[in-house]
Amino acid sequence: MQEQYRPAAIEPAAQKKWDDARIFNVSEDASKPKYYCLSMFPYPSGKLHMGHVRNYTIGDVLSRFKLLNGFNVMQPMGWDAFGMPAENAAMKNNVAPAAWTYDNIEYMKTQLKSLGFAIDWARETATCKPEYYRWEQWLFTKLFEKGIVYRKNGTVNWDPVDQTVLANEQVIDGRGWRSGALIEKREIPMYYFKITDYAEELLNDLDKLEHWPEQVKTMQRNWIGKSRGMTVRFAVSDDSKQGLEGDYAKFLQVYTTRPDTLMGATYVAVAAEHPLAAAAAADKPELQAFIAECKAGSVAEADMATMEKKGVPTGRYVVNPLNGDKLEVWIANYVLWGYGDGAVMAVPAHDERDFEFATKYNLPKKQVIAVGDNAFDENQWQEWYGDKENGVLVNSGDLDGLDFQTAFDAVAAKLQSQGAGEPKTQYRLRDWGISRQRYWGCPIPIVHCEQCGDVPVPADQLPVVLPENVVPDGMGSPLAKMPEFYETACPCCGGAAKRETDTMDTFMESSWYFFRYMSPKFSDGMVDPAAAKYWGAVDQYIGGIEHAILHLLYARFFTKLMRDEGLVNVDEPFERLLTQGMVVCETYYRENDKGGKDWINPADVELTFDDKGRPISAVLKADGLPVVISGTEKMSKSKNNGVDPQELINAYGADTARLFMMFAAPPEQSLEWSDSGVEGAHRFLRRLWRTVYEYLKQGEAVKAFAGSQDGLSKELKDLRHKLHATTAKVSDDYGRRQQFNTAIAAVMELLNQYDKTDTGGEQGRAVAQEVLETAVRLLWPIVPHICETLWSELNGAKLWEAGWPTVDEAALVKSEIEVMVQVNGKLRGKITVAADASKADLEAAALATEGAVKFMEGKPAKKIIVVPGRLVNIVV
């Protein structure tokens, strides 16, 4: 065995050994329990970042732990390869997105392999490959035929200069990110998935997910947003019907969760796109201008909370069905046309947003809820105004004195008797629009025919292949400019027709990739039925909390769609979910001449610390001049505070990177980058190597201790007790708790005790062998390369075949224990007694200690309290 720890030599050798043995290449095996471990697959952006390293190391630790415990472990890897960044990079570098993507995949795959992950690379999948998205298109056509996928108009951001649709994140302060042009809102036909048909099941099945973080489930519940309320129809006043047709000329419909406050409504507000708004604006330029302003604004619901609330009165009126009050209709920018009815009733006295709006525009506030003796002040909002639980109705005629639920039922009865409303359960969740007016995505398999309408592409003509030799120019959809792509024959009538040139939302690919991994080369369907039956759901899923809503919700939705198509036999895709924290690092900057910030990489900064080790100043190494310490933030390109994993691996080895990532913080918490922490991790691995080296230097490896320990010295018994207590703890830390930092700390403590123990002689050497073999197996999931190498030196066999160490229960039973002695609650000494010592023996031994004699000062004991196995407290 070489004396020095050299990761550059041992890591490739260990990886070759695993690859040659194909230990991570798995197939269905009914003789073993299965374990499907999956970390969210990466977008091939070019290089791995530290967040990737942390994410995939967590999955690898769990996979290797289960492998040693006899499970048939599948840990696949692939690439979430479609998306806008590839198009942006293509325009910047004048290269096709496909070429850019495939180059990145090759480089990142090399990086992943260098980290030694236990990945079954035979299952590798890239979502931009036709053999993958063919089946996505196939499912789309099936669901289109069933009506679960449908087409309707949707609002998009239109850049009039670049002549293209922009994503919300490409709109900056209302202008296109490339052209700088003011963005327009346009209605265009788009395809939608009826996720609302599954809203109730998606909500209820969250209760099945016992091993998901409660925070994630709460976020999904709020996103689905089930509410019980009432539809209310306000009759349109006779003098306000001009320009309106059909039901819009009869009534204005709203949905409210607070029908108990209906008597307090003082106006109603509609979206800019509402027919009543259009009718009112027909001859009013000021209304037309406001409507145009609203349509140019953001369509994102998230922006509604922070944006300034604006409105304009229409001069049109509707009638409150309960009290006959005539309420003016306002056009308001906070009402969204795509949500509900595009209209809301406003009760300023009991809704904070309405209160602020009414205050701004001097609209009336009518109190209809009272809570105790609290006085209503229309000049200042108070929290109790919106109290549903404790309020009772006032100023509401025969409804006065009713609580919320009683009032809800009474209002429902009144409205239903008039045909003016009824109770309704509603969801915040909206159908999922999947059309994207971009190039680098999965083509939507629809043909538009003037005779036959929208026709799904037949299965035998799939996939509709995306041309890969295209370099986008940012000026509209490339596919819409390619007759060779869009010109086709109608599958129904054979006449001239046109392919759909929109592509699918990239969340589509990530909504089912975990099923494709089960049989990635299966050519007769989305997933091989036998493989789907064996692997079932993912046992452990790992990814960031930022995916709590969209990706995880869509993946759950797709699982139910595929189940209903008979493709899989599970209701939920992920049994257990771990949401790892971010990797964060200090940030530094200098202000530039333009008032902006030039961010400086931490590696280029030199710090000065106070006597407590806290940074107090920083200078740039290159010029010695000060830089601003800006605090700790997530590693990112924009803040220039990232650390290249490849540099870390080159300097210290993959095992050091893995160990630091697992030891620096519990997996669900943020991990703060620390150069000293990395160096500390490397020191520990050198120590581990040195410990085994010194042991083998004293003689050849022996058979690890096993059997009765009656003949062992107390010191060796204590070491074995520590060893097996550590094994039990680490097993629990890996399996149930998933807290890897405490597992590492436990092994460090074990090695500390090993260093202090005399392991000379035949028995001592056998116990030493047992300790070192076990420590190496306990650490293999985290630092597999060094452990694989040390195991071969200690044992000569293959570590992955050795199995997880078992706990010797006999070793956990101590013949002697240490008990604290207190006098009047203060520690005055310790005694070593037999583990089964009686209460009387413990009392006698405690009273005889030097500390007890000294501090009792000759006084008799009033009481002696014995806590078995822990302490004796003498009260005088």
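Positions of Cβ are set from backbone N, Cα and C atoms, glycine also.
In Swiss-Prot, the annotation motif ''HIGH' region' applies to 42-52, one of the ranges 42-52, 218-228, 372-382. As a summary of secondary structure, the motif ''KMSKS' region' (634-638) carries 0 helix, 1 strand, 4 coil according to DSSP. The motif ''KMSKS' region' (634-638) scores a mean pLDDT of 88 in the predicted structure. Note: Lys637 (ATP binding site) has no non-local neighbours, i.e. no same-chain residues 6+ apart with C-beta under 8 A of its own C-beta.
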